[in-house]
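According to TrEMBL, the protein has these features:
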type	residues	note
DNA_BIND	43-62	DNA-binding region
COMPBIAS	216-234	compositional bias 'Pro residues'
COMPBIAS	235-244	compositional bias 'Basic and acidic residues'
DOMAIN	20-80	domain 'HTH tetR-type'
REGION	206-244	region 'Disordered'
Amino acid sequence: MTSERRRLQPRKEPRQARAELTRQRILTAAAHVFAEYGYAAGTTNRIAREARISIGSLYQYYPNKDAILAELLIRHLDSGMAGGPERTGGPFSGPLEDIIRGQVRAAIANHLDDPHLLRVMFEQAPRSPELIEKLSRHERARVASVRDLLATHPEARVDDPYTAARLTVSTVELAVHQLIAEPDPLDTAALERELVAMLTRYLTGGPERTAARPAPHSPPTPPATDPPTDPPPQDSRRRTDRAD
């Protein structure tokens, strides 16, 4: 195990209910501290005071605040994946618009607990190789689930289910995070309505995208002109006069 990975690993895996409760207190306290003070001022001393434990007890579970923040981010990811079919083993069913709405609504709900904490987690949490791999694994699972949906659902009209799945997953995650976690968040009902409408039109509008393109625009035909006429015959008398 590399030193960077050890730095972000929890020190103590709870085996008893009391120890698990202590760890939950630390994580809950850390979430409040990071949300209120940000990453730089969110010290382990503040977290320990918020959790009402000694700093020594905190260090029995986590070596530093980076390890705590990394675990908060992992738990956020796990929570966001909990309702997908890749976790429940069940297929999607129903109208495609309703399925998309369920996914968008779940993503929004997962971002509503504390938008300020989300900004700290996503923008300042240390990215260990383990965390990066977990992020990649979660994204691959989401993309695979949506790809299977688009490949089998009768309402889906996409030429490339894999590419469409990646676009859908990225659009939901980035739009929801950006528009809810920012200082001036968008109304969640409006965000859900517009995001669902946009994705539904994209995923069910295949025939329009694959229809034959119109012929290239050709320059306008110039207006017809009358054919040239022969010049009027010259006066024979003039020719005779010139000849004299």
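Just so you know, glycine gets a Cβ as well, placed from its N, Cα and C.
Computed from a predicted structure; not experimentally measured.
Long-range contacts of the DNA-binding region (43-62) within its own chain (CB-CB distance under 8 A, at least 6 residues past either end) are made by residues 10-12, 22-23, 25-26, 28-30, 32-33, 37, 68, 71. Note on the DNA-binding region (43-62): DSSP counts are 15 helix, 0 strand, 5 coil.
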